[in-house]
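Okay, so here's the structure we're looking at.
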Amino acid sequence: MKDLLKFLKAQTKTEEFDAIKIALASPDMIRSWSFGEVKKPETINYRTFKPERDGLFCARIFGPVKDYECLCGKYKRLKHRGVICEKCGVEVTQTKVRRERMGHIELASPTAHIWFLKSLPSRIGLLLDMPLRDIERVLYFESYVVIEGGMTNLERQQILTEEQYLDALEEFGDEFDAKMGAEAIQALLKSMDLEQECEQLREELNETNSETKRKKLTKRIKLLEAFVQSGNKPEWMILTVLPVLPPDLRPLVPLDGGRFATSDLNDLYRRVINRNNRLKRLLDLAAPDIIVRNEKRMLQEAVDALLDNGRRGRAITGSNKRPLKSLADMIKGKQGRFRQNLLGKRVDYSGRSVITVGPYLRLHQCGLPKKMALELFKPFIYGKLELRGLATTIKAAKKMVEREEAVVWDILDEVIREHPVLLNRAPTLHRLGIQAFEPVLIEGKAIQLHPLVCAAYNADFDGDQMAVHVPLTLEAQLEARALMMSTNNILSPANGEPIIVPSQDVVLGLYYMTRDCVNAKGEGMVLTGPKEAERLYRSGLASLHARVKVRITEYEKDANGELVAKTSLKDTTVGRAILWMIVPKGLPYTIVNQALGKKAISKMLNTCYRILGLKPTVIFADQIMYTGFAYAARSGASVGIDDMVIPEKKHEIISEAEAEVAEIQEQFQSGLVTAGERYNKVIDIWAAANDRVSKAMMDNLQTETVINRDGQEEKQVSFNSIYMMADSGARGSAAQIRQLAGMRGLMAKPDGSIIETPITANFREGLNVLQYFISTHGARKGLADTALKTANSGYLTRRLVDVAQDLVVTEDDCGTHEGIMMTPVIEGGDVKEPLRDRVLGRVTAEDVLKPGTADILVPRNTLLHEQWCDLLEENSVDAVKVRSVVSCDTDFGVCAHCYGRDLARGHLINKGEAIGVIAAQSIGEPGTQLTMRTFHIGGAASRAAAESSIQVKNKGSIKLSNVKSVVNSSGKLVITSRNTELKLIDEFGRTKESYKVPYGAVLAKGDGEQVAGGETVANWDPHTMPVITEVSGFVRFTDMIDGQTITRQTDELTGLSSLVVLDSAERTAGGKDLRPALKIVDAQGNDVLIPGTDMPAQYFLPGKAIVQLEDGVQISSGDTLARIPQESGGTKDITGGLPRVADLFEARRPKEPAILAEISGIVSFGKETKGKRRLVITPVDGSDPYEEMIPKWRQLNVFEGERVERGDVISDGPEAPHDILRLRGVHAVTRYIVNEVQDVYRLQGVKINDKHIEVIVRQMLRKATIVNAGSSDFLEGEQVEYSRVKIANRELEANGKVGATYSRDLLGITKASLATESFISAASFQETTRVLTEAAVAGKRDELRGLKENVIVGRLIPAGTGYAYHQDRMRRRAAGEAPAAPQVTAEDASASLAELLNAGLGGSDNE
C-alpha cells in the first residue's frame, strides 16, 4: 500500500515558475481549455442525483462523480484507469479532475465583456475613441454604428438612430455597412490597424500644445502599445465563446428534505444557456429582427450578470431577493478569493483557550493544558506509538489515544520536550503578536502565559483568549526556536528598546524594596555583604528600607572583555543589597542604588543587554520578575480610601475662584467685557484653580514628616500606597490621582466646547447628580472613540503593509554617498530628541570630523553603536550625515548599510529581512493609542499662540542662521530675512534651544554674543508686520494721493493721525493703476540704492498698510516705514492623532496650502484681476519670469522688489508635501513627513525609530514622471517605476545614448499600493476589478518579487529563510539545472502500477 501512495505522489509534479502573466483569452484558447460544450441548462437528475448529460454538471465533460468509476457503472476500480466508457462517454479517473476541467458555451451572438466595457476608463471606449454612452447604445441595441462608410458621406464609427439608418438605406442602398450589437463593435475592433493608429497618434502628440489633449493622446498611445506588445487582439474583448467553471468550484449540495444548496454561479450559467439556446432557435426559425434583437440583448445582459452582477443596471436577484454572487464578487472584497482564501488561510493543528498567569514559568515557557497537548501532538504520538511497537497500525494508535492509556501520557511528555509551540493573540498588530514557547504540561483547561510577554501581546488576564499553533516540520521547529522564541525577542522592532519590561506588581515590588526610609530598624549598620543583609531582613532585625553600609563586589569588563572584580563599601539600603544578589556580573552597583521605577528597570535591562548580551538578560529578567512579585506581596501595599488625602487648601482655592468668576460676571453685566471674553476668562480661572488644587494635593501626598535618629524632624518621600504606585510607574498617574483626591475639573459638552462650571468634587467626596450627568458625556465619547479608533488604525496598518510589503534587504552595500543630515530635534527651549537617539544604529554617509578641525572622528560607513555615540557626545558634534533608505541606490529592495541596525537584534541588519513589513507594523501598532479628535484651540491656548518675544532658558551664546539684518538708530539688529533661526549654543558647542525669528524682530543681542539664562533676546509686534528700510535718507511719497490711494485716519484716544493705503477695491477709478510707494532719497533728492544691488530703495505698500511718517522726513536704516496689520486667523483647528498620520501618509493636500516660490528671483506684482493678485517672479539671470495668480485674501509675506529663493514661503499655511518635493527635493520632503509623523506620536509618548517612517516614504516615492524621454522607450509625461528609469538610464548611458530626465512623484500609500508593478499584490489590496482589467489588457507579467504575491501563489516568501531559497532557485535556474521533481513517463507509470496491482494489495504488510 505504501508503494502505491508513493507512486501516486510522484504523479503530481510541482511546476517551477518565475513569473505569472495575465492576458485576454482568445476564443481558440478558451476552446482548448474546454473538455466539451455545455449545451443544456440542466444540472442533475432530481431522482437519481446523477448529472445530466451535456448539462452544467455533465460527467462526460467534467469527469466522473466517483473515483475511478464511470457513470453507468460499467468500469470500476483502478485497473481501468484512463478508459473512456463507450456507453456513457465518461473517462475513468479521479474525481478531483472535476475541480480542474473546464467546459465552454458557444455563444450564438458575440457579447461584450463587461469589465472591458464598464470598468473605468472603458478600454473598448478608449481603443475606439468613442464615448461609453454611444458604445452602450450600440451594444444594447438602441442604435446602429457605421462600420464601413464606402463611397457615402457616412463616417466610420458614426452612430445612427433607427430613423437615420432607414433614411441612409433608402439613400445609399447597400453602399455602406452599419450594424448594431456586439458584432458591430467586434467588427470595428477587428478592422483596427493598431500600429498605424499608434504612428498617427504620435504625430498628433508632437503637434498639439493643449495639455488636456496631450493627456488623452498619451492614454490612447499607451493602451494601443500595450495591445501591440502583449499580443492581445482587441476583438478578444468581445466574447464569442464563454468558458464554464469546473463544477466542483460551483457545487450543488443536496440538503436533507429534498432541497439543494447551490452556488449562485449555477443560476447565472443557467440563464446564459437558456437565452443562448433560445437565440439559436430563433435564428434557425429566421424570426423577425426585433425579436432576435431583444433576445441578443437579453443574452448580453445574462453574460454581464455572470461576469459582474450589478455593474450595469440592477443586479439580478435570486429567489430570496438578494443579488446573486457573480464571478467578480467571488474574487473581490474581504470575503473574496484573495483575502479570504489565499492570504488568510485557516491553520490545522491549532487550538485556543483562555489565558491565565504563570508567574512561576521561565521566560521561554508557557503552560499548555494536557487535553490540548494531546490533541495537538496527535500525529507525533501516533508515530511514536508505532515506532515503539506499542501499536501496530494508526488505527490502533488512535484507539489507545482515545482511551487515554497511561503510556500515552509518557509519550506525550517525550514528544513535547524541546518542541516549541506558537502562541498568538488576536489582533496581531506586530510581529511580537506571535511568539514561540516551550510547552509545560499542566492540569486544567487554561493556557498559562509568562507575565513579562504580556506587554508584547498587549494581553491581560481578564478573559483574553489565545491560539496555539504547532510547527510540524523540522524547518518550522528550527525557525520557531531560533527566530520566534520569546527569549530571542527582548527588544521591540519599533524602537530598539526592551519590550520584556516588568510592569504593575513587579515594578511596585522592586520600587518598594529599593526605597529608603529615615530611622528605619537597623539603620547605620555595616554589613559584610548582600547575604548578611538578607539574613537580617528575614530574621526581622532590619527593615528593607534601612540605610546601611554594605560591602559590595562589582565586576567590570576590561579591554579584553574579561571580568575584573572590585570590592568597596557602599552607602545603600538593605533592600538594594538583596536585589544586588540577582544582578548579573558586569553591571555597576549604581543601577540598583536608587529607588527603581519602571523607566529605571527598563534602562537596567537595556544596559544589561548591551553589555552582557542575550542570555544573562533573559535570566536577569526572570529573576527580576520573581523578586518583584515576592516583595510586592511582602510590602502589603494596597489602596484604602484614607490614602486619597484631600488637601486642606482645596476649599479656600475654590471659593477664591468663585469670587473671581462672580467679579467677571459683574463686569460682563455692566458691559465692560464681551460674552466671548467672559467665557474665556472664566475657563482660564477654573483651569488655574484646578492646577493649584492638584499641586497642593501632590505636595501633600509626596512627602511626609518623620523624626530621624537625632530626634529632629525631617521630610522624606511618602510611603502612601497610591503615591508609590504612581511614582514607580506601576499604575495610575498624577492626573488620575487629581480626580481621586483633588477636583475633577472642567468637562466638555458633546460639541467639544467646554462647560464653564467645573466639577469641584472629587471621587472620594463623591459626585452629585448634576456632576455625574456632566461626566457621562466624556465617558461615553471615550468608548465610542475607542471603537472607531481600532477600525481606523487597523485600516491604516493594512495600507502601510500593502505599500511596503515588497521591501526587503537585498544587498550589503549599494555604495552611495547620499544621506540625510541628522540634527537634534529642538522645539523652542527644549531638546525633544537628542542627536544620539536619532543616529544610534545608523551608518555614517560621510566622515564625521571633530568640530573645528579636519581630524576624522568617525570614518564613513561606520555603524554608530552606543560607544560611537558617546564619542560624538563628548566631542559635541551637532550634525551627522547618515545613510538612509530614502537615498539608497539598490534597485529592488534596499541595502543593509542604508538601513543600519536591526533594531530588534542590535547588529547590522541581515540580508532578506522584510524591513517594509516591520516598518508598517511599527507605525500601525501604536495607532490605537493615538487620539481621533481634532483639537479646537480656544480660550487660553489661542492667546498664548501670539508670541511676541524670545526668552532663552539656558546660558550660552547666540547663533543666527540664514539671516539678513540691519542696525537701527539705537544700535540694535533688526531682522530683514524671512526664515531666520536663532540657536542657543552652550559652552561645549551643543545646540540647546532653537527658535524661529520673524521679519522685523528687534534683537537685543547679536550673533555670537553671550546671554544669561532667562534673558529676552528678541521681541516684535505679533499683530502687525512692519516694512523695514535697509537704507538711511529722506522719505519721498510716490503715488500717495489723498482720497485716491490713501486716506487719513485719526486715532480717537491718542489724537495721532496716520495714513492708510486703500485697497484697490476701495479706490476711485483714477487711483486704480497708481502704485503707492515710499522712496528713500538722499539730501539732493537722488535715489539711494539698496546695498549690494543696483536697485533704488523703493518700498511699495499693499492695501491696508498704515504709514505714520510725513513726506520728506529723515529716517535711518532699520526704522519702520509702515505697518501692515495681520488679520488674526481666528481659532484654527489642528488635526491631530490618527487622522493626521493618515493624511501625511496619503500625501493629501491641505485645504489652503502655503504658497511657495516656484523659482528664485525678484518679486513684483502684475496687473490685478477681480479677487486675485498676479505675482511675478523675475529670475536674476534674465530667463522667463514666472507668474502665478494668488487670491486677494491670502496674506503675503513678501514685498515688491524682494528677492526670494526657490521653495521660500510666499504665503503662510500648512505646506503641501508635493510642493516640498518639487521645490526643495527628496530630502526635504522626507524630513517634513518624518518630523510631522513623529510629532503626533511623540505627543502620545510613543517611540518609533525614524527609519520606519523613511521606509514608507521611500515607497511613496517609488514613481517618477518622465519629463524628457531622451533615447529611451518612455513617453513624455508617463509615470513609471523609479527603479525602471534608473536601470534604463544606466543601460543607455553605457551605450553612449541620452537618458530620460524625470521628476520624482509623491504618491499616497493607497495610490502607491495600487500602482505597484505586481498586479497580484494590487488586486488583493483594493479595486480588484480595475487592477485585473488593466493588467489583462496590458498583458502584464508579475515577477513575484514581493511577499504578498508569493503567499498568494503558495511559495515561500522571498524574505527571511525563504530569501536564501529563492536566491538558490535563481542561481540554479541560471546554471541551467533541471528542477528536482521526479519525472515519470506514462509507460513506466502504467507498468509499475500494473506490477503493484499484480503483487496484490494485501502483500505489502511484511515491510
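Glycine residues also receive a Cβ, built from the backbone N, Cα and C atoms like all the rest.
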Q.
Need one residue: from C608, C814, the one Swiss-Prot lists with C888, C895, C898 for Zn(2+) 2.
A. C814
Q. Taking the center of the Cβ atoms of D460, D462, D464 at the recorded Mg(2+) site, which other residues in this chain have a Cβ no more than 8 Å from that point?
A. I355, A459, F461, G463
Q) Inside 8 A of the center formed by the CB atoms of C70, C72, C85, C88, which other residues of the chain have their CB, for the recorded Zn(2+) 1 site? A) L71, G73, K74, Y75, E86, K87, G89, V90
Q | Which listed residue (C70, C85, C88, C898) has most other Cβ within 10 Å, given these are binding-site residues | A | C898
Q | Candidates C70, C72, C85, D460, K972 (recorded positions) - the one closest to C888 (Zn(2+) 2 binding site) by CA | A | D460
Q) If you draw a 10 Å sphere on the Cβ of C895 (Zn(2+) 2 binding site), how many other Cβ atoms land inside? A) 22
Q.
Between D460, C814, C888, K972, which of the recorded positions has its C-beta surrounded by the fewest other C-beta atoms within 10 Å?
A. D460
Q: Return the single residue from the binding-site residues list (D462, D464) that has the minimum number of other CB atoms within 10 Å.
A: D462
Q | Spatially closest candidate among C88, D462, C895, C898, the listed binding-site residues, to K972 (N6-acetyllysine) (Cα to Cα) | A | C898
Q: Pop the Cα-Cα gap between D462 (Mg(2+) binding site) and C88 (Zn(2+) 1 binding site) into the table, whole Å please.
A: 64
Q. When the Cα-Cα distance from D460 (Mg(2+) binding site) is computed for each of the binding-site residues C72, C85, C814, C898, which gives the smallest value?
A. C898
Q) Nearest to C70 (Zn(2+) 1 binding site) by Cα, among C814, C895, C898 (binding-site residues)? A) C895
Q) What is the nearest of the binding-site residues D462, D464, C898 to C72 (Zn(2+) 1 binding site), using the Cα of each? A) D464
(Q) For the Zn(2+) 2 site (C814, C888, C895, C898), what does the 8 A shell look like? I mean other same-chain residues with CB within 8 A of the CB centroid. (A) E811, D813, T816, R883, V885, S887, D889, T890, V894, A896, H897, Y899
